[in-house]
Amino acid sequence: MKILYLLFAFLFLAFLSEPGNAYKQCHKKGGHCFPKEKICIPPSSDFGKMDCRWRWKCCKKGSGK
């Protein structure tokens, strides 16, 4: 039974982690994912959610204040 618990934990962690280069769509636009509360300056650098995680958005790099 312990083996099943270990196997489940391993599979859970394997699927929970993301590949090394996550958020490809945001990075292709020259952006970076920031928490949604951050303000992108100028507003035109706010690309929206794109492929960022939940409650995060994509802003052009260096614009998150």
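Just so it is clear, glycine is given a Cβ too, placed from its N, Cα and C backbone atoms.
Model, not experiment: these values are computed from the prediction.
Secondary structure at Cys26 (disulfide bond), as computed by DSSP, is helix. Marked as disulfide bond by Swiss-Prot: Cys26-Cys58 (among others).
The disulfide bond annotation in Swiss-Prot covers Cys33-Cys52 (among others). Proximity of Cys33 (disulfide bond) to non-local residues of its own chain (separation of 6 or more, Cβ distance below 8 Å) is seen for Tyr23, Cys26, Cys52, Arg53, Trp56, Lys57, Cys58, given in sequence order.
Long-range Cβ neighbours of Cys59 (disulfide bond) (same chain, at least 6 residues apart, Cβ-Cβ under 8 Å): Gly31, His32, Phe34, Lys38, Cys40, Ser45, Asp46, Phe47. Under the heading disulfide bond, Swiss-Prot lists Cys40-Cys59 (among others).
What Swiss-Prot records for 1-22 is signal peptide.
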